Structure formats: structure tokens, C-alpha cells
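Among the features that TrEMBL reports, domain 'Glutamine amidotransferase type-2' is placed at 37-256. Annotated active site, nucleophile per TrEMBL: Cys37, in sequence order. Feature annotation from TrEMBL assigns [4Fe-4S] cluster binding site to Cys273, Cys419, Cys472, Cys475. The Mg(2+) binding site annotation in TrEMBL covers Ser320, Asp382, Asp383.
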Amino acid sequence: MDRPTPLLTPSLSILTLVPLCFVRYESLVRLYPGEECGVFAVCGHPNAVTLSTYGLYALQHRGEESAGIAASDGKHPFRIHRGMGLVSQVFDSAALASLSGSMAIGHVRYSTTGSSNLMNAQPIAVVCSQGELALAHNGDIVNASELRARLENRGSIFQTTTDSEVILHLMAQRVGKPVEEAFLWALDQTEGAYALVLMAKDKILAARDPQGFRPLSLGRLDDGYILSSETCAFDLLHVQFLRDIAPGEVISIDGDGVHVLRAPRPIETAAFCIFEYVYFARPDSTIHGINVSQARIQMGRELARLYPVEADLVIPVPDSGNYAALGFSEESGIPFNFAFVRNHYIGRTFLQPTQLIRDFNVRIKLNLVQESVRGKRVVVVDDSIVRGTTARARVANLREAGASEVHIRVSCPPHRFACHYGIDFPDPGSLLANQLTLERIQSYLNADSIGYLNIDGLLRACGSPESSMGFCTACFTGRYPVAFRRGLHKEILERNQLTPLAAK
Ligand SMILES: O=P(O)(O)OC[C@H]1O[C@H](OP(=O)(O)OP(=O)(O)O)[C@H](O)[C@@H]1O
Ligand SMILES: NC(=O)CC[C@H](N)C(=O)O
Ligand code: SF4
């Protein structure tokens, strides 16, 4: 038996597709492999709201479920606008006119803990013992369920089912303490992945978890400071890049500038998410001194050395496969061309709600220029294979179009394990490489050969000037840098899942 049941691909007729057109937008927009979030913040700039809006446009690839901005002029209550959908759908002129101030934080969400609905959209704003606070979070807090149960037993009333909200409730417990101290105290109890921006009355605080799973960079524009998940947003806004917020570092920004509240952890203990370089981050971003597109080109070169093949043409699976395919072509000397045309109006590939819809989405996403592959031996380079939906459909296309051989090359190792640090990978049972051997994957995809980049090649491709810098590779290796409770899953904080602890 070659094919695990969840991977079976039912055929799709145009009649079965028609009702799908009426499925609500939110339920369809389910990104591969569940994206993650983007955070953005402006402190001390008169155009904070406009800058945040454009910043979120630049971070849109990190989350397409919901978007929001909270703004403050330092005198009036925070103004906040959040909605489901893309930045362009959430922020019309009326929404933008409702926001003002020289401080703002923004968020684009892809849910990893708590369902996708308006209640869970960020920033999350509260009024508590610390005054007004608004929080935007990228990552996943692995002990959120324990923290929440403890807080609820002490009377906390939660308004969302996200992990992020526990940070605000922890802060609220520090009655009478400065907001900086409350933030540090909350972070001391929080385990897992977080790149955070927090807006308080007259300052913005920011933090990265000790492993630095998710990126966060600091820049300067005129007299103001900007924080962004990725540097591509700085380029767009002509923001001067100052530095990355370091793993474990906590800062505050106010009228007097940037203050380090907690010094970084040694870089040796870092566990940057290596999959940011493979797929998530935009190729024009630079994370820890490594440009993402350059890293991807190196991955393609490594792959060509590891799995050489006699062929006539290298083609990428756009978009994320583009640079790796370029590197493969450069290293192998096999000509490069675009044979798949990507429809950019559909976002990144969807995984939900059913395999039927995934198949449909893959068909909308990519179309083949048949003339460019007919009679050719083709190497198809993609950044990753998760369920195999994309690769299987693309091989079938290439064969129908008359390609004489189809060789698949993947610019990261096989995905065999779940991520609990801010990427909503499907459960391991639906990961192709968790279920099948490489030989069986090759036959499932109907490819003439298959080659995945290995961990060493991937690490080399992401090699940093800081040579001791560490990466998280858990979804490939199963070696998790931060321990988590077994059975952790996305719905863990939904009301009926909570198991209150005994009051202390
Ligand atoms: O094995 P699967 O489950 O099909 O998932 C893997 C595919 O999905 C991603 O593309 P996506 O459309 O999300 O993004 P991209 O256009 O940025 O590459 C990825 O680049 C692979 O092509
Ligand atoms: N992908 C993310 O970083 C999401 C942040 C947070 N865990 C949420 O689900 O809202
Ligand atoms: S498990 Fe994979 S996706 Fe998750 S943080 Fe680690 S490298 Fe990134």
C-alpha cells in the first residue's frame, strides 16, 4: 500500500467546484503550511498609522487571515481597527481615518493557537492595572494552556482563545509596578516562540524569545523608530535598518530613544527558524545578516551538487521555489526557465478545508506553458513538499504536456515533524514524508527521480558571519529546542478544551 488515506486525491469536476465559490473567504484562506504572523510598530512618527498600513502590506505574506492596527496619540484612548482578510480589505479610507497618533502597532495573522475569527484578530487591546495595552505577537507560546488555566483560577476573564493573550493577563497581575517590569515578569513565565510588540501609554516595548525563533528588526525613520518582522518593510518605507532585536532581548522605545530592558542571550543558544529562509520570509528580506534570496540560491546550488541529474531544463515552482531553481541552474549549467505561471490573486497555497479544495487551489495557482517543456527532460525545483498536493499535480501536468522526464528537487529536507513555534504545520500524519519512504514518495508523485536537500547543506546555505549561530530544525529532525507538553494543538485554548488546575 503506497498511499496513506489522507493524501488520496479525489477527482474534481467543474460541478463540484461551483458550490466552493460560496464558501466563506475566511474558511478558504488557509495558507501553506499555515504561514505565521507579521508584526510592525512605529514610535514617534507623525505618520505612524500610514507607515503601519504600508508596513503590513509588506508583511502580508506572513498572514492573510486578519489584519489590525492600534494607534495612540498619547492623550486619548487607543484607537484600534481589526478585520478579517487582507490588509487591503481591512483598511479602507474610513478605517484609516478612524486611527491617528504618533505611535502604532500592527499585525497580520495566521492562526496557530485559537481559531481564525475576529475575536482572535490582533493587536489585542485591553485596559488593566497597567493602563491601556495593545499587543501583537508572532510565534506560539507552548505553555499558554497551563498559564491560562492558572490565571482563570485566579479570576482572569479571557476575551480570545489565542495563546498571545496570556501575556497581557500576566502583566495585569503586577498591580502598581512599572509596565517594563510587568512585561519582563510576564515573559519570565512564558515559554516558546515570541516576537512581540506592545504599545503602552507613552512607549512601545518589544521582545524576542531567548531562542529567537521569529525575526524582528529595528529601524529608524526621521525622528521615529520602526519595528518589523522583516526588513522588506523597511525598504518599502525608506527606513534605515539599525539592527535585529537579538534573541532574549527586551527593549522599550519612548521620547528619549531606545532602552535595553534585558540584554540578549548568547548567540550560541539561539534557534532561529531555518524555515524562514526556505519558505516563509520574503526573498528581499535580510535576517541576521543573511539575505533570504541569496540563501535560497545557495540551497539550490547545494541541491545540484547533492543530486545532480542529466536534464534539458530547470523550472521553479513559483514563487518560493524561484531562487533555489536559479541556484540549481547556475550550479548544474542546465538552462533555467519559467514554465509555470503563478496566479497572484489567490495568495499562497491553501490547505483547508478539504483535499478537494486544496486540489482546486493548486490548479488555480499554477498553470503550465506547455510549449516550453514538450519533449524535454525537466528538473522541477520547489522549496518544500508538505502534503504533496502541489508536486503531484505539477508532475501530472508536465507529463500531459509531453515532458520526457520529470525530476523533482526540493530545497529543504523532508518534513516529518510538527512545528510548535509559530508555524501551523499539519499534524505529522498528513506530512507526506512522515508517512512514506523516499522511494514511495517518488512513486506517489510519479517522478523519475527525487532529491531533497539534507540538513548539512541547508545549514551551509544559511551560513552566517556569526558562525556559532544556531538554527531550529525541529520539523526536519524532531530535535525541539524548547520542550512542550504532548498533545499540544491549535484548539488547545478553545473553551471546552481547558482543564482548570487546582487553585493555589
Ligand atoms: O506539498 P504541498 O502541501 O502542496 O505544499 C507545498 C507547496 O506549497 C507552497 O507554496 P505556496 O503556494 O504556499 O507559496 P509560494 O507561492 O510562496 O511558493 C510551497 O512552496 C510548495 O509549492
Ligand atoms: N502565526 C503566529 O505567529 C500566530 C500568533 C498567535 N499564536 C496566534 O495564533 O494568533
Ligand atoms: S520546527 Fe521548523 S518551522 Fe518550526 S521553528 Fe523549527 S524550523 Fe521553523
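Every residue gets a Cβ built from N, Cα and C, even glycine.
Heads up, TrEMBL stuff is auto-annotated, nobody curated it.
Secondary structure at Cys475 ([4Fe-4S] cluster binding site), taken from DSSP and collapsed to helix, strand or coil, is helix. Taking Cys37, Ser320, Asp382, Asp383, Cys419 as the candidate recorded positions, the subset whose CB lies under 6 angstroms from any atom of ligand 3 consists of Cys419. A sphere of 10 angstroms centred on the C-beta of Ser320 (Mg(2+) binding site) encloses 23 other C-beta atoms.
Its own atom aside, the Cβ of the residue listed as 'active site, nucleophile' has 26 Cβ atoms within 10 angstroms in the protein chains shown. The two recorded residues Ser320 (Mg(2+) binding site) and the residue listed as 'active site, nucleophile' have their Cα atoms spaced 17 Å from each other. The CA atom of Cys419 ([4Fe-4S] cluster binding site) is located 17 Å away from the CA atom of Asp383 (Mg(2+) binding site).
Taking a Cβ distance under 6 Å to any atom of ligand 1 as the criterion, the recorded positions Cys37, Cys273, Ser320, Asp382, Asp383, Cys419 reduce to Ser320, Asp382, Asp383. Across the domain 'Glutamine amidotransferase type-2' (37-256), the model assigns an average pLDDT of 96. DSSP assigns Asp382 (Mg(2+) binding site) to a strand segment in the three-state reduction. Only Cys37 of the recorded positions listed as Cys37, Cys273, Ser320, Asp382, Cys419, Cys472 bring a Cβ under 6 Å of any atom of ligand 2; the order follows the sequence. Taken residue by residue with DSSP, Cys273 ([4Fe-4S] cluster binding site) is part of a strand. With respect to their backbone Cα atoms, Asp383 (Mg(2+) binding site) and Cys472 ([4Fe-4S] cluster binding site) stand 17 Å from each other.
Of all the binding-site residues listed (Cys273, Cys419, Cys475), Cys419 has the fewest other CB atoms within 10 A of its CB. Listed in sequence order, Gln211, Phe213, Ala271, Phe272, Cys273, Ile274, Tyr421, Pro481 are the same-chain residues at least 6 apart in sequence whose CB falls under 8 Å from the CB of Cys472 ([4Fe-4S] cluster binding site).
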